[in-house]
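See below for the structure under consideration.
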There are 2 protein chains.
Amino acid sequence: MKTETTIQGLAASLNPSRAARKIIGFVPTMGNLHEGHLNLVREARQLCDIVVVSIFVNPIQFGPNEDFDSYPRTLEQDQRLLADAGCDIVFAPSVEQMYGKKPRLTNISVGGITDDLCGSQRPGHFDGVAVVVTKLFNIVQPNYAFFGQKDYQQLAVIRQFVRDLNIPLEVIGVPITRAEDGLALSSRNGYLSAENREKAPVIYKTLKAAEQALLLGKALSEVLAEMKTALTEAGFVVDYVEARTTELQKIEQFNEDLVLFVAVKLGATRLIDNLQVKYPAS
Amino acid sequence: MKTETTIQGLAASLNPSRAARKIIGFVPTMGNLHEGHLNLVREARQLCDIVVVSIFVNPIQFGPNEDFDSYPRTLEQDQRLLADAGCDIVFAPSVEQMYGKKPRLTNISVGGITDDLCGSQRPGHFDGVAVVVTKLFNIVQPNYAFFGQKDYQQLAVIRQFVRDLNIPLEVIGVPITRAEDGLALSSRNGYLSAENREKAPVIYKTLKAAEQALLLGKALSEVLAEMKTALTEAGFVVDYVEARTTELQKIEQFNEDLVLFVAVKLGATRLIDNLQVKYPAS
């Protein structure tokens, strides 16, 4: 496994594969890798000839009061995990390598589906994601790009701008990887105190209980209200509890497949999770 | 020469060339071709193995009161001219082929350099250009893309987002092609009455006179004021007369290379032109 830190170095590493028309798979990450990321790499390994993983903590997707500076950077450990998971090339550029010295004037925004859920709490976040992912797509030029469904809204945003801009690749969404107790894996779980880590699986339990209630016929609005109560009583500060169609449109009743979304704060740590609930075939 | 009207058809036509690692040159146009466009094609022909020209009147770069509906569409004549100029593939998609049936949610904006000159008179125009050119770049995936310097601000916008988004191609700016009397070639010249067509070369004469005045040491502000007066007295309605650095930054004095910009209305027709003035080496 090679590690490249420059765009030019990566191009040189990839050119022979490109010339040989190999299938390139790409997993963009911010590092501090866990089993969720590694499952993306394994998925890429199965589908592609060459697997590229980027590790880049992207400053422009963090708000001024967010955790850009403290976001965990664990390159050596990440490299070991990636080698084991079957990655061929790690792309770990500096901020200057990605954004240069001249000011960036270009922005990409995806309307509609970024206005609520995480978008309303994190203004500019999805613009920053869209810009960096577009840049990385243009640098790596993969055939397939792999993203986790844990960041469901992010995945929807990426699918949208890939389609709108005719970016020549296929986006693959990979199901959420969970700890044994149900907590969705996230680099930010590492911020949790031992006590809060024990409490965190309540998020998934709440989602599963809501799924059961919906399948038993309870009204969606009631289910969402109960989720909010359950989370608040368990000690979470609820940012949002929402239901959307799989395409992120608002939904009032459980009359088609839907996704339940939760964002909470536990101590200073913001955690998100979601669960797709299939509408039963009649 | 082939004509493709679908993205899939174009991909099929280009795939053998891509597999053979041929150099692909791309000239995006809105059709109604004149010698200016054909010079772009000839330039591409010299530098590239395969020359693709797109003909697409892009609705999203026209304002609600602009000439989208009446913009001249002359595909058959364009095809003949392109075949003679050495084009290999014409890409002439429909609006639906380019924008699909589902709503587009993604926008690309380039800040700073789109706020004035043509940007202030045509809100959203450069966003529409950035979106369609990015789409076309992703569809054609050329090595080189050719644009005329007549639309100088457009060229600067394209260079900027290509750099900011790491789009893997080189942008080539080609000097303005002029009629014998100096008028910059433009599809919109066809809108001019015979009388106004005779008047139109005053734009270039005014630019050349300004260049002379600058080189003789007249102050920039005075030169700009005189240009405005000369154009107004000749019967033009002046939209703007401006000087900028070659990178489109404001400039107060002629102390480096600069570009003089003119936008005027002549009857109902909006015409633009520009002239680069070299600062004399000391």
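Using N, Cα and C of the backbone, Cβ positions are placed for all residues, glycine too.
Per TrEMBL, the feature active site, proton donor maps to B:His37. What TrEMBL lists as ATP binding site is B:30-37, B:148-151, B:185-188. Annotation comment: TrEMBL describes B:Gln61, B:Gln154 as (R)-pantoate binding site. The beta-alanine binding site annotation in TrEMBL covers B:Gln61.
Locations of recorded TrEMBL features on the structure.
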{"residue": "B:Met30", "record": "ATP binding site", "contacts (Cβ under 8 Å, 6+ apart)": "B:Ile55, B:Phe56, B:Val57, B:Asn58, B:Tyr71, B:Ser187"}
{"residue": "B:His34", "record": "ATP binding site", "contacts (Cβ under 8 Å, 6+ apart)": "B:Thr177, B:Leu185, B:Ser186, B:Ser187, B:Asn189"}
{"residue": "B:Gly36", "record": "ATP binding site", "contacts (Cβ under 8 Å, 6+ apart)": "B:Gly148, B:Lys150, B:Ile176, B:Thr177, B:Ala184, B:Leu185, B:Ser186"}
{"residue": "B:His37", "record": "active site, proton donor", "contacts (Cβ under 8 Å, 6+ apart)": "B:Val27, B:Thr29, B:Val53, B:Gly148"}
{"residue": "B:Gln61", "record": "(R)-pantoate binding site", "contacts (Cβ under 8 Å, 6+ apart)": "B:Gly124, B:His125, B:Phe126, B:Gly128, B:Val129, B:Val132"}
{"residue": "B:Gln154", "record": "(R)-pantoate binding site", "contacts (Cβ under 8 Å, 6+ apart)": "B:Cys118, B:Phe126, B:Val129, B:Phe147"}
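According to its DSSP assignment, B:Gly36 (ATP binding site) is helical. Proximity to chain A (Cβ-Cβ under 8 A) holds for none of the binding-site residues B:His34, B:Gln61, B:Gly148, B:Gln154, B:Leu185, B:Ser187. B:Gly148 (ATP binding site) carries a strand DSSP state (E or B). Around B:Asn32 (ATP binding site), the C-beta neighbours below 8 angstroms that are at least 6 residues distant in the chain are B:Tyr71, B:Pro72, B:Arg73, B:Thr74, B:Asp78, B:Ser187, B:Gly190. In the three-state DSSP scheme, B:Ser187 (ATP binding site) falls into the helix class.
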